[in-house]
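Annotated features in TrEMBL:
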SIGNAL    1-20  signal peptide
DOMAIN    40-136  domain 'Cadherin'
DOMAIN    137-245  domain 'Cadherin'
DOMAIN    246-353  domain 'Cadherin'
DOMAIN    355-465  domain 'Cadherin'
DOMAIN    466-569  domain 'Cadherin'
DOMAIN    570-675  domain 'Cadherin'
DOMAIN    686-772  domain 'Cadherin'
TRANSMEM  790-814  transmembrane segment
REGION    909-937  region 'Disordered'
COMPBIAS  920-931  compositional bias 'Low complexity'
REGION    976-1009  region 'Disordered'
Amino acid sequence: MVFLSSMWLVVAVVFVSVRCNVIEYSVDEERAPVILGNVADDSNIELEAPPSVLSNMQYRFLSVGGSDENSYLSSFYIQNNTGTLSVKSKLDREALCLYKNTCVLSLRIGASSGAYFKQIDVQVTVLDINDNSPEFSKNSTSVPISEDSNINSTFPIISAHDKDIGLNSKLSYNLVPDSGVFALDVDDSGDRTQVSIRLKQKLNREAAAEYQIYVIASDGGNPLKTGRLIVNIKVGDINDNDPVFTQKNYNVTLMEDVAMDTVIVNVNATDSDEGKNAEINYEFSSLEASSSQFPFSINQQTGQISIVRKLNFAPGKAHQVGVRAYDNGYPSRSSLATVTFNVIDTNNHVPEIAISQLLDGKIPENSKKGTVLAYVAVTDRDIGLNAKVQCSIKTDGPFQIQKLIEDDSRGDNSFNVIVSGSLDRERQIEHVVTIECNDSGSPQRNQTSSFIIQVQDQNDNPPVFSHASYNATISENNRIGAVITKVTASDADEGINAQVYYFLEPRVANIFSVDPNTGLVKANVRLDRESNQTITFIVYARDGGSPKYTSSTVVRLTILDENDEFPTFRQPNYTFTIMEEESADTYIGTITAYDNDTNENGKITFAFASQYHRIDMPFTIFPYGEIRTKRPLNREVEDQYKFDVVATDKGVPSRNSSVTVYIKVIDINDNYPQFIYPTGNTTKKISHLSPKNSLVATIEAHDIDEGKNGDITYAIVRSTDVNLFHIDSFSGKIYLSRHIETADIKKYELYLSATDNGAEPKKTGARIVISVEYTETANQISEGIIGQNVLIAITIACVTVVLSLAIIVTIFLIRRVDTQRKHKGLPHQEADFQIAETLQLQGKKSCLTKDNPKHPTYEINHLPSSDVKKEVSFSMDDHRYDHRDSGIFMIAPEVSGGGNPLSTKYSAQLAQQMGHHHSPPISDPSRSSSPDTQHEELHRMASIRLHQKLLHSYNKPLVYHPDENRQLLLMKKGVEDTRSDGSGEVTTIDSGRGGSEEDIRRSSNGIMI
């Protein structure tokens, strides 16, 4: 009583429910003592048994056998007389149900009183509390990272595991410290959580060769619990290829009794590197691999996985183990694969018999048939047929074993040993009842067990089916009246009491029928597997006695599939997109379909429609519906693809359906703009009279990309102008930025660019020359002609004035010489003169003359002493008619009497020179033939003739007598004063209208005066 009173403090944590005749309790782990409830009240036993029976009801645990029961049964306590069930010692959920989402402990309790017996099934759900911290399979791990690893590269590390369940095992991860160099990525989208270190910054091994960080795993419990993994990161040089498994998933099927050290699978990975970088080692990456009970080992060098301990996996279930392959490079690279083990049952367990005597081994001799003597629970830890058990009594006596229930999912069987006849204590006081149980495996295994019953002091029998349940199969679309199965029941009684009649439960009476005498079950309708894959119904057997006894059996009918369904696509059509120029084998999308049939009839493969088999499609479709590229796509060649995909099942004959697939190619900026104008050496001419903002030229370029990748922006990247031009960046039109000045009349080079607007813009350049040319107006032309005429007239007047002054000066000099001669008494006959000096009138210029260094200068050759020459030197701008004054000098030779040949000889020579120097220019045919040029030539010839007349009008010699020394000096050196009037130049300069080589020769050799 002290024990019970102490448990009332924690009764509130227990939850009770009754479902399907099974009482369900739930209780937190690690709590004791705890009252779970009263099985008598919760099973409503008072509704079944009269008070007289209830008063003597005894409750006790029934053994069902198996090692699992022994691990927890001792933690529970039941009061024999009240049926109160409690937990007397703490339950550890992780010890009882490790790696299970739910922890349900099954208890079987027998309530007996005299001939009354009731089996009470109890399921206790042990609820998880957060009593376990997250654990890593090891305290630290090393993660080598190459210094050339890209930002956002990830490196898998081991994940943590929490033995708790639910939120208590929901793990989150964080990185300590947060240096900004690394981050943590957690991918829990698959069956296993993958934790990876992600690189946030580029590493420099020379700056930092290693890092130590901590990965903290926190569960979702309250209070929160954490686990820590030390991650040592070593920065190394390049090992740029990961090991690649030949398979990402390995499926291994093995027998549960496989021998120790048997190699069951060999995982294999290859590495494209060389040397140590290509040497691969293998290890398990799963947490359970660190357990001492883990039954596998892996050869680190070869990848062979062997059995090293007896398998503790449940047969019939798949178990996954992660395998990590890492190379010996520095840093090491690794990859993961999954090995799935499918364990097949081998019937290596004998049935385990557990006998629970209900009457403490004693029975009255007047007991009726059916009095239950013992409860027999048979458990076979195999599965399937290997776990199906049949039991029988192997000793003589009025005893019978009766099957209670068979649970295929758990493989356990329940029997009652009952009195099947009359007992006579006087004939036999004690019976040894031997039970033999055989499973259905091959080879068959059996087990026997016995118990002793003492007769101390009758019971009718209901019909008993030969099987507690019947499993039958039939193909869908069956004919009406097809036989499904035959049920058979027998009655231990005799005569009419042993006659059995069969009938169905009302729910399925319109679907099936059963022959009341033979038990033959038939179908009344056509069955459709897609509507119902299995149908479970009850067949009853009733005997002919009075009162009548009825029993039942369950028929489980499985409807077999026929290929009567077409594959159905999940969308009416599929549209995918892909960027152009993506590499081959790029994933595009997956086509999905379903087939309501099963097995091979429901398995679907995908392929291109037959009309595309002869076409070189740029795509590949895999049988499971995944579409990938075979080569890079070019949007400019084809921007959309359309084709049909056929889904075919594997039935015989097969059925198929088709769907249309559209693949749109998305543009990338892979083309440069191309200039349409300008091209090559393009020159654009414009007038210097063009106004501001006038259009100069329109630049045009084209980009075959689309969208922003094809939009073009124009710019002038470099030019020789001074802010004279500007360009509209969108239209490409070039405009004048300001008015053109005289200094702007020349050629300009503009270097242009056409740039698209892609994310990574592409640019193309071009060059254009803009020539600004001078344009004359009509007023300027007419004013020029009038100005030329006025200029000629003024020039003639100026020349006349200059010649008049020269004559006056000459007369003055002659008279002065005569006066000196008279004073010295020298006779005229002795005047034998040499050329004394060349006189030049300097500083006098025509009133219309301007300094122009480009005017040609005509010079006189050195004169011989025997000739008397008069020479005229003058300059003229042929275009503007700007004239300089030229001095006219007469130089007298030695007087020999007679006439003076100066005027005649010199006039001829001067006419020859003038005619040569002022002959019409021949370098410009357009000017020589024009009326303006002819007009200018007439004026020029008139000026020459005026000079000739003035020279011929004077016949007297001009004699100039400087001192003797100077005269002799000049005779030796010649005339060296070659300076032109106001210019200082000594060479003939081209005025732009041409000149002969003789002119140049004379100007270089002559004396300029």
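A Cβ is built for glycine as well, from the same backbone N, Cα and C atoms used for every other residue.
The stretch in 40-136, 137-245, 570-675, 686-772 that contributes the largest number of Cβ pairs under 8 Å to the domain 'Cadherin' (355-465) is 40-136. Across the domain 'Cadherin' (137-245), DSSP classifies residues as 4 helix, 51 strand, 54 coil. If you count C-beta pairs under 8 angstroms between the domain 'Cadherin' (686-772) and each of 40-136, 137-245, 246-353, 570-675, the highest count goes to 570-675. Within the model, the domain 'Cadherin' (40-136) shows a mean pLDDT value of 88, rounded to a whole number. Taken residue by residue, the domain 'Cadherin' (246-353) breaks down under DSSP into 8 helix, 48 strand, 52 coil.
Taking DSSP states H, G and I as helix and E and B as strand, the domain 'Cadherin' (570-675) has 7 helix, 48 strand, 51 coil.
Across the range of the domain 'Cadherin' (40-136), the DSSP-based residue counts are 24 helix, 34 strand, 39 coil.
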